[in-house]
Structures are given as structure tokens and as C-alpha cells.
């Protein structure tokens with residue numbers, strides 16, 4: 001995590017010797033001490049002093065000095081207002097936040113123009129479409145440290161209109177943070193150093209802005225009140241969000257900070273969702289990385305499972321699809337609902353045989369705008385004219401989509417019911433906004449003709465301007481006899497009559513000189529001056545009228561925000577379902593079948609990403625394989641050569657399980673799947689130098705986490721465990737870990753190993769079997785067949801793989817000789833340690849003389865004298881004299 005910001009105290013009062021403008025700047029900057037302040041001056045946003053130096057370094061812009069204030073040079077840097085989004089994007093990517101300060105007053109000539117900060121752009125509260133990724137959310141996360149090793153989480157995307165709440169143990173915090181993937185994190189100044197260190201140690205990619213907020217902002221009572229106000233409700237019970245004090249405390253800070261950055265209340269946030277860890281299939285950080293769900297191991301966006309799945313037509317569809325992939329639920333209800341919808345989209349309406357309806361829907365979705373984000377920008381009054389036009393065009397499409405989905409499966413019918421926005425909304429947009437508006441309201445030309453009579457009248461004056469000037473020019477040429485006389489206009493000098501220097505002596509007395517040029521003179525007449533006043537006044541009044549009308553349109557649109565939010569969700573859901581339908585047909589995937597009993601049964605399973613890459617590169621066909629696992633067969637010991645496909649086979653099973661759990665068809669010819677609560681992976685590792693952890697330490701940490709967390713309903717992938725240490729240590733650990741997984745955890749386990757000794761494991765463990773990746777030798781070459789076959793591998797083919805890698809012949813020859821010698825020694829020494837034998841029983845020592853004597857006594861038959869003699873005898877035995 002980077003770019004820590006703390007809530008600093010305000011600077012001391014501005015010295016009186018500062019200029020009025022700099023005094024204004026320092027007054028504004030005092031409210032944003034840890035944020036870059038973009039201070040609007042004409043056509044530029046200026047930064048001063050430390051902000052200027054930082055911006056110049058980060059943006060590679062020019063740092064200058066201009067004049068003095070309070071006896072010090074004014075250090076400054078600036079960016080043009082028309083390209084500010086480019087610079088904001090670069091700063092946000094670096095984890096910085098920017099306060100945008102605009103001129104809100106009129107130029108009066110008496111002191112500086114009134115300015116105020118209208119919004120704060122931070123990595124976790126982005127709303128500008130230019131700054132946001134189409135396929136990812138900008139998440140703001142608030143974390144509150146609670147009592148007894150607990151914490152509360154609250155997070156939101158300002159463009160989504162929904163607050164998420166969760167409470168968890170501190171030990172689970174890192175996994176929650178990874179799942180949320182925030183762009184910005186805020187936490188309390190009262191957080192303990194240990195908790196803060198754990199939070200900062202969460203495995204996050206890229207720059208994450210971290211802000212420390214005052215402790216009083218994390219108040220559970222305040223949080224509950226804020227949530228109720230957002231929901232306009234008297235109780236949180238309908239959302240099952242009551243009795244979550246730690247999450248409520250985080251929500252108080254979250255909503256307060258989000259409102260602070262936007263400069264207003266977030267009226268569009270009208271939903272709360274509580275997330276509980278036991279509702280989701282656990283996908284730890286290692287699983288997300290090893291399965292390359294959204295990023296490759298090299299940190300690239302493709303080829304990944306998500307990039308293969310995502311053929312969505314809209315950004316909001318892509319984001320929803322990613323959410324389904326990364327947050328599969330243990331309850332199969334939603335997944336089955338999606339599978340039913342995909343089947344219906346494939347086959348169409350049974351009554352009309354509309355096969356291929358998904359193609360029609362995708363064609364209608366094509367070109368749709370991001371309704372979700374535009375709706376948020378309407379609520380925040382930040383929406384631009386062209387975004388409203390795009391929204392209006394998309395709302396027209398919803399009528400077609402509603403008609404196309406009519407009569408389909410129940411879930412699709414429910415979606416269809418939310419697709420239509422109120423007619424009044426689409427009508428308002430069509431009437432109010434010009435079909436080809438300017439980019440910004442301040443440029444004019446935004447409100448449609450016919451919407452407002454006063455605006456039309458003012459525009460008519462401007463429209464008639466050209467005709468008036470042409471008529472005046474004809475009349476003045478006739479009156480003066482100056483053939484090359486021109487009547488013109490520019491923004492600097494307004495309207496004027498231009499006459500060349502050679503014709504100046506012909507101008508009438510009512511011409512008043514306005515400007516002298518090298519080859520011409522410019523004049524104005526009383527008639528032209530009167531028209532100028534009228535025309536320029538009309539232009540200013542028209543622009544002011546447009547701005548006012550645009551604000552009125554935004555006011556009227558506020559009532560439609562909840563309906564537009566539902567439309568956005570329905571469009572995104574339909575888009576994501578159509579994308580999954582297209583993938584299922586194009587890639588020849590099948591519908592998985594969910595069963596209640598423990599079962600992982602895959603016929604002709606394939607790794608979809610690897611198969612797609614092979615198809616792209618013409619590297620041959622992917623070899624499909626079966627997998628059968630259940631109560632009597634929960635572990636596979638997988639052996640075979642490197643490059644043979646062990647890891648691909650293991651990963652494809654995990655990917656198929658994940659795809660089924662999210663509600664997608666799967667790359668197989670058949671799939672039956674029982675309950676799954678987690679997918680754990682231990683595949684590969686690299687030294688973590690930053691945290692001083694070796695490959696082997698990471699390997700053991702990951703294995704330990706799996707042994708602690710896995711259950712009988714978990715899928716566990718173990719690849720080459722124990723290879724990071726000596727052979728005997730590694731073998732001993734691998735066998736013990738396998739035993740624990742088999743006997744205690746009883747998870748579905750795929751255990752790939754190079755330790756041939758582990759192939760003896762199934763002989764003593766009833767629910768384990770040996771399988772191997774097949775290969776064939778052709779002379780000294782090896783041919784990988786990539787088929788999973790029963791039984792252990794016969795050999796490892798390591799030298800053949802080294803030959804394929806280009807190892808020098810001399811090295812290979814020596815390796816063959818060494819291998820032959822080692823195999824000969826192994827044959828001579830047949831005695832082996834039984835790795836899987838039960839722990840030896842404790843040896844029982846022979847009874848001592850005292851124990852024998854005591855055992856021979858019968859106290860009930862002894863007289864007092866005999867008992868006394870026996871006691872003396874035992875004493876002699878104890879002293880060793882007997």
C-alpha cells in the first residue's frame with residue numbers, strides 16, 4: 001500500500017502580508033492539507049509551493065516561480081483545464097488524491113474571484129468515466145478495529161449505489177481486503193500498531209491510497225443513523241444489517257468520507273448488502289493467483305479465465321460477470337438460476353422455437369452505454385450532456401430487449417420486468433437535450449431547440465446575426481463606394497467594419513475608429529454598436545439560460561434515479577448471461593449438475609484458457625481427461641514428468657468447479673458436483689524477499705493455512721509439496737501432509753509429486769488412488785501424451801525434459817551415467833523406511849523386582865506380622881540389598 005495520508009491539523013493563520021489571492025489559496029488549502037489542490041485560474045488549474053513541486057515530479061510538468069508573496073517566491077505549476085482528466089488519471093494511478101477548486105463567483109474587480117472546492121477526486125471515489133476502467137470498480141473501504149480480535153468492514157463504489165457490510169476476525173482481514181480489492185482504504189487514528197501492520201500487510205496489487213481518519217468518525221451509532229438515512233427506513237432488519245456494531249462504525253466513516261469527496265449527500269445509495277464469509281466459496285489469495293482468474297502470474301490482464309469469459313457488450317455487464325466469478329456462493333440457488341437462464345437463451349422460446357435468441361439480445365445490447373455509472377453521475381449532478389444523450393439512446397433499446405425476452409424462462413422474465421425505465425424519463429431526455437450537444441454545458445448548444453421559448457428567442461438573435469451583417473455590408477458598400485469594405489466579428493474586438501488604408505479617406509463621419517492595423521482600419525457605427533450590444537447580450541443570456549435549464553433537467557431526473565438503477569442492474573445481468581451463453585456454445589461447454597451428496601465427477605474435462613491458447617497458436621488439440629472423486633475416492637496421488645500436464649490437469653478441475661459454482665456452463669462433456677465451500681491451492685512459489693521469506697517458508701505457510709482451513713467440502717490442490725528442502729525432509733513432510741489431508745481433513749485432494757515413494761500411499765489409505773500423466777519414449781526423445789491414466793508413473797523422464805530444454809550433450813551424458821549408478825545402488829539396498837506405517841507403539845519395560853513382589857502380595861490374607869515382614873522385604877528391594 002502506498003501514499004499514506006493522515007488527517008493533519010490545519011496550518012496556522014495566513015500571514016497578513018500575503019496577497020489577497022494567495023490568502024484565498026491558503027485558506028482553501030488549509031481544509032485539504034494532504035491533498036493536491038487544483039486551483040482554477042482562467043484556463044489553467046494551478047498548484048503552488050509543495051503541491052507544485054510534487055505535481056511537477058509526478059506529472060513531469062514545468063515548475064516555475066512567479067512574483068512573491070509574504071516575501072517568498074511563489075513556486076507554481078499548472079495544467080490546462082481542458083485536458084485535466086489526463087493528468088487526474090495519472091495521479092489517481094499513483095494513489096494520489098486531488099481537490100478541484102473552481103471559480104464560482106463573477107469577476108468584480110474588487111479582490112479575487114470567489115472560489116471553492118467542488119469535489120475531491122480520490123482513488124476510491126472515482127465517478128468520471130474517463131478515469132474509471134470499464135471492467136473494474138473503484139472501491140472505497142473503511143476498516144474499524146473492534147474488540148476481542150474482531151473488525152468491521154464497510155465498502156462501496158460511488159457509481160454502484162450500494163453499501164456492503166461485513167464483520168470478521170482479524171486473522172481473516174487480509175483475505176477480505178483482497179476480495180474487495182479497494183483503490184483506497186481508510187481506518188481510524190485510534191487503531192493499534194499491530195492491527196495497522198496487519199492491514200497494511202494485506203496482499204494488494206498496485207498503488208492503494210491509505211488515509212487515516214479521526215477516531216470519532218468511526219462511531220457505531222452514527223453509522224446506523226447514516227445507513228437508515230440512506231435507505232429512508234426505520235430499521236435495518238429488512239436488509240439483515242442490524243446488530244453489526246463494528247460494521248456500522250466503519251460505515252459511519254465510509255459514508256462521511258464519500259460525502260466529503262463528492263461535496264454532497266449520496267442520494268443514489270439506497271441499498272445495503274451484508275456479506276458473510278460462510279455464504280461464499282472461499283477463494284484465498286493463492287487460489288486467485290494460481291488459477292489466474294483475473295491476472296496472469298506475470299500480472300497481465302490476459303490470457304486469464306475472466307478475459308476468456310468476458311464477451312460482454314457493456315462495461316456494467318463485464319463488472320457483474322467478474323463479480324460472479326470472484327464471489328461464487330455456497331448456496332446453489334443463484335448458480336442454478338443462471339444455468340436455467342443460459343439453457344433458455346440457447347434454446348429460445350419453446351412456443352415459437354426462437355433458437356438463437358441470445359444473438360438477437362447481444363445485437364440489441366451492442367452500443368449500450370454504462371447506465372449504472374451515468375445514473376450515479378446524474379445523482380451527483382456531475383453528468384455531461386453527451387452522457388445523457390447516450391442514456392436516452394440506450395433507454396430506447398430497452399423496449400426492444402423487453403420484447404425479445406418476453407415469454408422466456410422465469411428468471412429472464414423477472415429481468416425483463418426491470419428493463420423499462422419510466423416513459424417520462426426518456427421523454428424528458430429526448431425533448432431537453434440536443435442530439436449532438438457540446439462536450440460541456442459552458443460551451444452552449446446543449447439544450448434542444450423547442451424545449452424553452454426564451455432560449456429559442458435568444459438563439460434566434462444570434463442566428464440572424466449573419467444575415468444582418470451581410471445586409472449591413474451591402475448597404476455600407478453602396479453608401480461609401482468602398483468595394484472591398486467588410487463587416488466582421490471576432491471574440492477580442494467584437495463587431496467592426498474593416499477598410500483598407502487606401503480607402504480610409506472615403507469613410508463617412510459616423511464611422512468611429514476601433515482598431516488600427518498595418519494595412520487596414522477597423523471602425524464601428526452607431527447602428528453596428530447597437531446590434532453588437534444586443535447580439536452579445538443575447539449570447540451571454542442564452543448561455544446563462546442553458547446552464548439554468550440544464551440544472552432544472554438534472555433536478556427533474558433525480559426522481560428517476562431508483563428506476564434507472566434497476567434498469568442498469570437488469571441490463572448488466574442480461575449482458576452477462578448472454579456472454580456466458582455465447583461462451584457455452586462457441587466453446588462447446590456443458591451444463592453442470594448439482595447434487596447433494598459428496599461428488600466431483602467430470603467427464604472429458606478441459607482447461608478452457610489453455611485450450612483457447614492452443615487453438616490460437618495451432619499447437620494441436622487439447623487432451624481432455626476424466627475425474628472421479630467421491631466419499632470412497634477423495635485423493636489422487638499424481639505422478640509424471642515435468643511438462644507432462646500435471647499442473648494443467650489440477651488447475652482445470654479447480655476452474656471447472658469454480659465455473660459451475662458461479663452459474664456458468666463448464667468445459668467438459670458432463671459434470672456432477674456436490675457441495676463445495678472452498679478451493680485451496682499450493683502451486684509453485686517464489687522467494688518473498690521483501691518479507692524475508694524463502695520459497696520453502698512460503699510453501700510451508702501456504703500448506704499450513706490449507707490444513708487449518710480445509711474441510712471435507714473443500715477442493716485442495718497440492719503441487720510438489722516439500723521440494724524446497726532436502727529430499728528426506730521434503731518426503732517426510734509431503735507424506736505427513738498427505739496423511740493429514742486424507743485421514744483428518746478428508747477434502748477432495750489432488751496431490752502432485754515427484755517423490756516416487758508416495759505412490760505407496762494408496763496401498764495404506766483406502767480413499768486415495770494413484771494416477772499419472774502418460775508419456776512415451778521415442779529413442780532418447782519423449783512424447784507427452786497429456787492423458788491421465790490409473791497407476792503411478794514408471795519414471796520421471798527428467799533427462800529427456802532437460803534435452804528438450806537445450807541442455808548441452810556433455811551434461812546429459814554425465815547425468816545418464818550418474819542416474820545409472822544411483823539406480824544400481826538403490827537396487828542393492830532394498831530396505832526402505834515405511835513412510836505410512838502407524839507410529840510405533842511405546843516399548844514396555846520388564847517388571848522390576850519391587851513390582852513383582854508387590855504383585856505377589858494379597859493384603860487380605862496377610863496377618864499383621866506377615867504384613868510387617870513384607871514391608872521390610874520391599875524396603876530391602878528398594879535399597880538394592882535383596
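Cβ from N, Cα, C; glycine included.
Keep in mind it's a predicted model, so treat the numbers as computed, not measured.
Listed in Swiss-Prot for this protein:
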{"type": "BINDING", "residues": "640, 641, 642, 643, 644, 645, 646, 647", "note": "ATP binding site"}
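Of all Cβ atoms in the shown protein chains, 19 besides its own fall within 10 Å of the Cβ of residue 642 (ATP binding site). Note on residue 647 (ATP binding site): other Cβ atoms within 10 Å of its Cβ, all shown chains, come to 21.
Using a 10 Å Cβ-Cβ cutoff, residue 641 (ATP binding site) registers 21 neighbours. Annotation note: residue 640 (ATP binding site) sits in a coil segment as assigned by DSSP. By neighbour count, meaning other C-beta atoms within 10 Å, the densest spot among the binding-site residues 643, 645 is 645. Taking the binding-site residues 640, 644 in turn, the residue surrounded by the fewest other Cβ atoms inside 10 Å of its Cβ turns out to be 644. All protein chains included, residue 646 (ATP binding site) registers 26 other Cβ atoms within 10 Å of its own Cβ.
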